[in-house]
Amino acid sequence: MLPDGDLSASDPDVQAAIRGEKRRQEENLEMIASENHVSKAVLETQGSVLTNKYAEGYPGSRYYGGCEHVDTVEQLAIDRAKELFGAEHANVQPHSGTQANMGVYFAMLEPGDRILSLDLTHGGHLSHGHHVNFSGQYYEVEQYGVDPETGYIDYDELANHAEQFDPGLIVSGSSAYPREFDYERIGEIAAAVDAYHMADIAHITGLIAGGVHSNPVGDADFVTASTHKTIRAGRGGIILTTEEHAEEIDKAIFPGAQGGPLMHNVAGKAVGFGEALTDEFREYSEQVVANAKALADVFTDRGMSLVSGGTDKHLLLVDLRESHPSITGKDAEERLESVGITVNKNTVPGESRSPFVTSGIRVGTPALTTRGFSESEMETIGNYIVDLLDNPDDDDLAEEISMEVEQLCSEYPIYD
Ligand SMILES: *Cc1c(COP(=O)(O)O)cnc(C)c1O
């Protein structure tokens, strides 16, 4: 027998927390570059009865009966992913971006094999070989970085490094690098040392789907992505590859790394990918980048230093060391949070502070663009941010900005 009644009756504590979180999202300016707001349709899909269904295997070839409907949604997710990115094969089952990377490593490498990836403090990701992550524990990892002068990846250095290190796999992709990767060049560097090239597009999945960022499919043997950052398909991951590697990848995910797929999330991916195939989504993606550039202009006009001097995409990495030497990334994050602006502290190239303190903040536009903000709101918000950092002890100013933020949020509701 199922407990009767909806959440308010059966579990008011959890319901109150969900309501609190909804209110937090509505009443704050979400500028964490990896976050976004999914549509009501995606929310509805993820909260559906698909969560009840076991579907180990792949469409048309399952270990359980009763899979006709989940086969339909998974096939839709696969077909739409292939269409969005022009890929020969898509696996839509990884539970997250990290598990997508795990799938590729498990499929193509043996423990102890070598991976060459971008340094975490230069924008890389834990799952690219950090020692606290399985990827750093199972594989021998070396990292490449950005040129300290320009903030851009130094491809000549990368080529030399690849030649010396002789990796089995080179990772392109990052969490905080504000520029486009030259996927073609990295593909050539990988080919020259007989390594695979894995492009991890977790942050820019939506920008590529929307056609505003170059697509690594064709230049990378494997493309891994998360589905909840610039694309609004709910939490999860995917792997794109060629026919040649399709079977190895599918086996590495199931049964290699996972059991039953989260069919409610696979269905969320289908719905979110369907939305991403529309002209509206293309316009959204263009606006995400236009908004980031508008924000970059405000910051640089007002004397702040941006890693690489600006951005090609949805995020900026602000290096506070020159403009605000006494303010750490942690201070800035807390100060902005107190007025309802959510960003995250972030290490910067050449970082000397700990990752819990840092000297930078990462600022992103995907969620605010989903809310309907454009360049003029970005200017307003960018100025609030600099005003606060310039006057960290001015409580009257903070109070004033906090009220302006509240007003702005109420003018742009997300779900109501
Ligand atoms: C966010 C991210 C991932 C995946 O993150 P999950 O939280 O596991 O979905 C992978 N790689 C990069 C570069 C990322 O930024």
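Counting begins at 1 with the first residue displayed.
Glycine too: its Cβ is placed from the backbone N, Cα and C atoms.
Automatic prediction, not curation, is the source of TrEMBL annotations.
Record features (TrEMBL):
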{"type": "DOMAIN", "residues": "7-385", "note": "domain 'Serine hydroxymethyltransferase-like'"}
{"type": "BINDING", "residues": "LEU120, GLY124, HIS125, LEU126, GLU243, SER354, PRO355, PHE356", "note": "(6S)-5,6,7,8-tetrahydrofolate binding site"}
{"type": "SITE", "residues": "HIS228", "note": "site 'Plays an important role in substrate specificity'"}
{"type": "MOD_RES", "residues": "LYS229", "note": "N6-(pyridoxal phosphate)lysine"}
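TrEMBL feature annotations superimposed on the structure.
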| residue | record | Cβ neighbours (10 Å) |
| --- | --- | --- |
| LEU120 | (6S)-5,6,7,8-tetrahydrofolate binding site | 23 |
| GLY124 | (6S)-5,6,7,8-tetrahydrofolate binding site | 23 |
| HIS125 | (6S)-5,6,7,8-tetrahydrofolate binding site | 23 |
| LEU126 | (6S)-5,6,7,8-tetrahydrofolate binding site | 16 |
| HIS228 | site 'Plays an important role in substrate specificity' | 26 |
| LYS229 | N6-(pyridoxal phosphate)lysine | 28 |
| GLU243 | (6S)-5,6,7,8-tetrahydrofolate binding site | 9 |
| SER354 | (6S)-5,6,7,8-tetrahydrofolate binding site | 10 |
| PRO355 | (6S)-5,6,7,8-tetrahydrofolate binding site | 12 |
| PHE356 | (6S)-5,6,7,8-tetrahydrofolate binding site | 9 |
(message) Using a 6 Å cut-off on Cβ distance, which of the recorded positions HIS125, LEU126, HIS228, PHE356 come close to any atom of ligand 1?
(response) HIS125
(request) Please classify the secondary structure at HIS125 ((6S)-5,6,7,8-tetrahydrofolate binding site) using three-state DSSP. (result) coil
(message) Tell me the Cα distance separating LYS229 (N6-(pyridoxal phosphate)lysine) from PHE356 ((6S)-5,6,7,8-tetrahydrofolate binding site), rounded to the nearest angstrom.
(response) 23
(message) Could you tell me the mean pLDDT the prediction assigns to the domain 'Serine hydroxymethyltransferase-like' (7-385)?
(response) 97
(request) Could you measure between GLY124 ((6S)-5,6,7,8-tetrahydrofolate binding site) and HIS228 (site 'Plays an important role in substrate specificity') for me? Cα positions, answer in whole angstrom. (result) 18
